[in-house]
Amino acid sequence: PIFPSSHNSGSSARGHLSIPRMVQESRPSWDNPMQFVLACVSYAVGLGNVWRFPYLCQMHGGGGFLIPYLIMLLVEGVPLFYMELAVGQQMRQGSIGAWTAISPYLTGVGIASVVVSLFLCVYYNVINAWAFWYLFHSFQETLPWAECPVNGNRTAFVSECEKSSPTQYFWYRETLNITSSINDTGGIQMGQALCLLLAWLVVFLCIIRGTKSTGKVVYVTSIFPYFVLIIYLIRGVTLHGAVNGLKYMFTPKLTELANPKAWVNAATQIFFSLGLGFGSLIAFASFNQPNNNFEKQAIIVSLINSGTSVFASIVTFSIYGFKATFNYEACIDRMILLLMNSFDLAEGSVTTENLSDWVTRLNATYPEQFALISPQMEFCDLESELDTAVEGTGLAFIVYSEAIKNMEVSQLWSVLYFTMLLMLGIGSMLGNVAAIITPLRDWQLLSRHLQQETLAGLVCLLCFIIGLGFTSRSGNYWFAIFNDYAVTLSLLFIVLIEILSVCYIYGLKRFEKDISVMIGHLPHWYWRVTWSIVSPLLIVGLLIFYMIDYITGGTPTYQAWDELQGRTVKKEYPPYAQAFIGILVIASMICVPLVALVTFFKRKIQQQSLFHSVMLCKT
């Protein structure tokens, strides 16, 4: 549950703390440690495990990418996950209260986490809305993305669909009804708006009643996706051509180890997959009992999260292999049919094995006739099909949909797949919303005037209203802006400040002593080295890389859908969109120095006021 049931956790175990308290001694706590672990798993294991990690494996040499990924998990992912759980359990407050307790000058770190979580909530739930849309359309005799619709005259298929594909047409036209550029706003799509409303209603119902509803939801959202992945694995490996995809994944291209981009992407994937810096982990851990063994839980959840990424990749690459083999064989069949019809060849004379020989022979024997059909010739190559890397919504809603439509009983597989996406998305959303609501509930000014249900409703309503912008015809372009720029730099900056604050402001030895009181022993030297040296250096390196990439990358671009060509084309963002990107990047980061300055001057004024009062008393 996001807001666990209330139990009196006592105060004796926390008597060693010398830091100020912002909440009452009695605080809600998890019913049992398993609920906390499942909540963390449900939050961490999300859509990125299914659609981002397989893409990175594909882009960086299949299994070879696992080497930098596992190294980054050990030196960056697990230590930072451990640290955030320790801060939350130690301070027993949300992100704002926790960092204020460490130092009033760090209040901005908690506020920055809330701002980033708000950005994420606003656009992330749109994915759940799309999943609802596809799920509802799966209950049809023929999947609507299985074939092109006919035009208004019912004389031919829709031209846009013929130029692209049925799955692309359903995504770009039937689902998004997308405009040709970000400048053409278009109206709100009522179907998408209703699906978004449903998505937020589900999230609201999951958090409104505390453990009575969210306890059950966490079990479902954390466990159900694994059942679907197992079912898909059994089906996937039995599909024709699945072995081609699995060979591609497990044949490592070790030359990628020399590619710095592979290491950067591995570190970034670990960072964001575990959900570091959003404040969700601190919020979850704040509801733990003071003597809960979060060290073991941090290792377990991190390994489950990474194991799920690898497991999901095996499923995805079996689907990749099936789709690539299907497209490759369809291409071969078209070429054989073209040659047989154009040159009046005997049926069965041209096969997959001798196709290239026939092409060479016919080109040499009938050059003029061959030149006439050359515009219709296609290059059929299985390796090229497998090399086509797709991530994000393109993988989730186009590639998977294309593979599903070619399966037997495709409606069943479609329902299972999009239900799984919903479980992953909703599970992550519960953590994202908790990162906003928990620190607000800890703020006594709000908690005195607003009930938990009212506060949750207001947060969900605000996010829904802002999210309506993503349901406009140009909404997908704004979704891409948020997805690409809203959190990357901000989270790296936030976590860097977090780890430096723990090690060098709160004090590493003091932090270790607090951990020993909670779990019964001092943390291993490995954690001390990663917290104080390795992880900060890695984050600084990532920050430098992304800043250089942003500065030298030229004008930001986006992929716009061209209806006439039936494909995406690259366009530059207009000036107002570039300005918005800049605001989005600095909006959360500016909270850290700004709040620190306000706190400094506020304390300065208080000191001066106190000094004048003392002087007046003396006189």
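Including glycine, each Cβ sits where the backbone N, Cα and C put it.
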*Which one of ASN244, ASN305, ASN476 goes with VAL45, SER273, LEU424, SER428 at the Na(+) 1 site, as TrEMBL has it?*
ASN305
*According to TrEMBL, which stretch among 299-320, 387-408 corresponds to the feature transmembrane segment?*
299-320
_Please tell me whether the transmembrane segment (223-243) and the transmembrane segment (415-435) touch - that is, whether there are at least 3 C-beta pairs under 8 Å between them, with each pair 6 or more apart in sequence._
yes
*Should the transmembrane segment (263-287) and the transmembrane segment (299-320) be scored as in contact, given a threshold of at least 3 Cβ pairs under 8 Å and pairs 6 or more apart?*
yes
*Proximity verdict for the transmembrane segment (415-435) and the transmembrane segment (105-126), three or more C-beta pairs under 8 Å*: yes
_At a C-beta cut-off of under 8 Å, are there same-chain residues at least 6 beyond the transmembrane segment (299-320) that contact it? List them, or none._
37, 40-41, 44-45, 49-50, 53-54, 57-58, 66, 69-70, 73, 77-78, 81-82, 226, 229, 232-233, 236-237, 239, 242, 245-246, 248-249, 269-270, 273-274, 386, 395, 399-400, 403
*asked:* Contact between the transmembrane segment (190-211) and the transmembrane segment (455-473) is defined here as three or more C-beta pairs under 8 Å separated by at least 6 residues; is that satisfied?
replied: yes
*asked:* Can the transmembrane segment (529-548) be said to touch the transmembrane segment (66-85) if we require at least 3 CB pairs below 8 Å and skip pairs under 6 apart in sequence?
replied: yes
